[in-house]
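See below for the structure under consideration.
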Amino acid sequence: MADLHDARELDETVLAKLDELVPFAPLHQPVALAFARAARLRWPHARQGVAFDTDFHASLAPWSRRLPVPEAWDALGIRRYGFHGLAFASALRIVAGHDTGILKGRAVFAHLGGGCSVNAVEGGRSRDTTMALTPLGGIPSPTRSGDLDPGALLYLLRHERLDAQALEDGLDRSAGLAGIAGHGDMRVLLADPGPQAQLAVELFAVRIAQSIAAMATGIGGLDHVVFSGGIGHRAPVLRARIVARLAWLGLALAPDVNDAGATRIDRGGGPSIWNVAIDEERELAESALAWL
Ligand SMILES: Nc1ncnc2c1ncn2[C@@H]1O[C@H](COP(=O)(O)OP(=O)(O)O)[C@@H](O)[C@H]1O
Ligand SMILES: CC(=O)OP(=O)(O)O
Ligand SMILES: [Mg+2]
């Protein structure tokens, strides 16, 4: 994984390396590779390129990259790589179009979609991020657990005799919001007054607010907060619940502007707060242009 950085030609050698990474992202990698192979069959004479969702995180701080595991596991590649790099790059590009200050300041990005992660960016470079080796780590997502006590997995393996497939199914597809409330659609959960739906939303909002504060701590402060993704961009109520928990950091929304779904949504005076419709495909295309 370590040598797959910059965008490049997608040839058979790179495809074979990407096949080896399927175990790290079972929800994502098989779909992306099937699509790439179908495109090769359909357009055999076209040149095909690839850009990596982890690439934005090549600049992670050493204390973020290294996981606190035995040295021998680190040598196996058990490290933080981070994901949603195309999403964060797009969000950064959009906000920089309004305020170039974000390229010099301390920013925390909350990308809340099918998968959710929070990212610390200092001077335009990623320094820390909540997802780690796989898109299962970090904050909870609609159907993924996020971080757990690793002892819980040992207990399930050893005493409940769950195998790796059962753990993967549970953690990737039946956990997160869906684990608590039975399904992971934030639209439905926000409209559901039932206790399980409310617990799921509250847990989600608190964990994200905590992660924003934690990410800010790693980069020594907070000048900008940026929301993106299907939930982050489309659910003003959730943004309000998250930001309300960060008032002690000086964050304050302008409620009308937030409800209207505007791009800049803070009240002024504290860190700026942004709400952006990202374009991951454009980031892919920009990477491809750089490679060509
Ligand atoms: N109006 C909305 N309010 C709250 N959540 C929404 C809204 N629209 C979409 N979502 C949620 O956004 C998520 C999908 O986010 P998106 O970034 O589009 O997905 P993906 O990561 O799969 O590309 C789904 O969990 C969906 O429930
Ligand atoms: C990397 C990742 O988790 O992507 P998504 O949020 O689109 O599932
Ligand atoms: Mg996504």
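Note that Cβ sites are derived from N, Cα and C of the backbone, with glycine treated the same way.
Feature annotation from TrEMBL assigns active site, proton donor/acceptor to Asp53. For the recorded site, Asp53 (active site, proton donor/acceptor), the DSSP three-state label reads coil.
Residues or ranges marked as site 'Transition state stabilizer' in TrEMBL: His84 (among others). In the three-state DSSP scheme, His84 (site 'Transition state stabilizer') falls into the coil class. A sphere of 10 angstroms centred on the C-beta of His84 (site 'Transition state stabilizer') encloses 30 other C-beta atoms.
Within 10 Å of the C-beta of His111 (ATP binding site) there are 31 other C-beta atoms, taking all protein chains into account. Marked as ATP binding site by TrEMBL: His111, Leu112, Gly113, Gly114, Gly115, Asp185, Met186, Arg187.
For Arg144 (among others), the entry in TrEMBL reads site 'Transition state stabilizer'. Following the DSSP three-state reduction, the secondary structure of Arg144 (site 'Transition state stabilizer') is coil. Residues near Arg144 (site 'Transition state stabilizer') in space but far in sequence (CB under 8 A, at least 6 apart, same chain), listed by position: Gly115, Pro135, Leu136, Leu171, Asp172, Arg173, Ala175, Gly176.
The Mg(2+) binding site annotation in TrEMBL covers Glu280. In sequence order, Leu86, Ala87, Ser90 make up the list of same-chain residues 6 or more apart from Glu280 (Mg(2+) binding site) whose Cβ falls under 8 Å from its Cβ. Glu280 (Mg(2+) binding site) carries a helical DSSP state (H, G or I).
When Cβ neighbours within 10 Å are tallied across all protein chains shown, the highest count among the binding-site residues Gly113, Gly114, Gly115 belongs to Gly115. Cβ-based neighbour count (10 Å, all protein chains) for Met186 (ATP binding site) stands at 23. Mapped onto three states, the DSSP output places Leu112 (ATP binding site) in strand. Annotation: His84 are the recorded positions among His84, His111, Gly113, Met186 whose CA atoms are within 10 angstroms of the CA of Asp53 (active site, proton donor/acceptor). Between the CA atoms of Gly113 (ATP binding site) and His84 (site 'Transition state stabilizer') there is a gap of 10 Å.
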